[in-house]
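Asker: Attaching a single structure in structure tokens format; questions to follow.
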């Protein structure tokens, strides 16, 4: 941040008309002005060329934002196209080419859905909790996902787990996850003693309790059943079933649209609870409704592809770095684009350069986890 | 100082170390341990090799319960003192995950590793992990005490994702799960003896009790009364790391134990470390023993690992604590 800009602004700001009368010796003229305020001369409109009240600190920052967003968009589209077209045995443009591409497109759509869910949910979550180093995925969504899948295979066997890939089970998972978070919110965020941190911690602890139940069931499984389960417990876009899209896409679109429409209010919430209340926001209602939307997004993402703990964190941190603005109207698109680039890029490179498709999500987790460590050690306060 | 005030200053404000309540507590825990010795599938009294079996499995198991319960509860207490935060314990700061990573690293690098090697790896990694956490705590200023465990759990998630990656590459994922789940099932004579190391930790915590209490008042006060704060933090971390590392290798993780025990004790008795220590140890032993007994009996002849029961009970108690603190 350049300090000179503020200094210039300070120097540039001239005093209001008539203020000299108050500073100087008191004279009858001034007294008359004081008495009849209606007769003050109308304030002159001074053009304040250097002062900006927009989302960006300067024109250069805005330009930088659009350039980064544009190039990320191009990169994302290139990676997506690469995923569709690379190693495609048919020549480009033929009918069979598009047939193959269409099959591959399912995975790319899953990446898009996950990118939108994780990015928007994490940015909004970090704003509402006023903490930039946590992610909503620790709030028990993943433990619930693990517990659901582990108990399915525990009670019904591997065939049961594969047979349970229906739209109904997807809906049940969504309902359970959203239900759990609604219970948490209504229990801990309403009433006199509402406390965001207590709510977070309770969510994490309930997740931990579920986790130890899952661990127990996992060790009772035969190794082959465990292998089937493991494949499901690692977040992977290949877990996504196109049959879920008719439910998932509208949910994501509605939740994202609502969050985006509330972007200006989120900007105010980011100032903290007291300031937001002071500025006339109904903090509690807005915070809870935002959290509900976040839980919808997280539930869709987790039920669709599985746990992705640090993807959201990675994406949000990068978005703050690149966007360099407080304004959620600009943060959301940047975060979503980064999420898409990260996912498509990771899958493209892992598929076609290292031929190691299975570990993509783990690589993303490792990178995200390292960024997390780096950020908490560099940050001064929480 | 005049001679009239001197004796007065010697009388302690703390409660007596041994009173009838403590003796009652000891009696209850001893009864539980006796119960633990007598519960099992193998009929000891009417078979020929009954006593052989008793010595080979029941006694080691009960000894392990005592050692692990006391050590983990006390490490939780020391950790809460050093961080000045009630919600901290080895499983909410990633220490257990680090120990697991160390265990995994040793197993991978030295396939023929003895239990001593694994333990060493776990202890070293647990120490590094705890220091990372403390370093982080000292560098940042916190707005809420509830943030600390959130960060710790996320830190643990990072470490365990590294472990998972590692285990997946080396096909050790399911055995990783078995290691992590704390269980006293496979504690046998000849395998658990390293656990006696934690006796040293417990003794050391007793010896350092007062200094740890002072260190718990913060760096300024501790330095002001003449304590080498940094050295105390190092010693405390080392003790925690040894206890956590050894218990993780031999038994597995015992979630929430170090968290709920000190909190329950200080709810009833306040915050003096030295007079609370016997209580913390006793309660830790008692809770682990009860959980182990439950795990052994409800689906007998099979067993539920103690970590599952602790995880569920601990989660309930932890949530209650948070909600109580919120009201308070």
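Glycine is treated like the rest: Cβ placed from N, Cα and C.
Unlike curated records, TrEMBL annotations are generated automatically.
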Asker: Transmembrane segment per TrEMBL: which of the ranges B:41-61, B:146-166 is that?
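Answerer: Based on what TrEMBL states, transmembrane segment spans B:146-166.
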Asker: Quick one: which of B:19-37, B:95-113 does TrEMBL have down as transmembrane segment?
Answerer: B:95-113
Asker: Counting only CB pairs under 8 A, let me know which of B:62-83, B:119-137, B:195-214, B:277-298 has the most with the transmembrane segment (B:304-323).
Answerer: B:277-298
Asker: Count the CB pairs under 8 A between the transmembrane segment (B:234-265) and each of B:62-83, B:119-137, B:195-214, B:277-298, then give me the winner.
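Answerer: Between the stretches B:62-83, B:119-137, B:195-214, B:277-298, B:62-83 has the largest tally.
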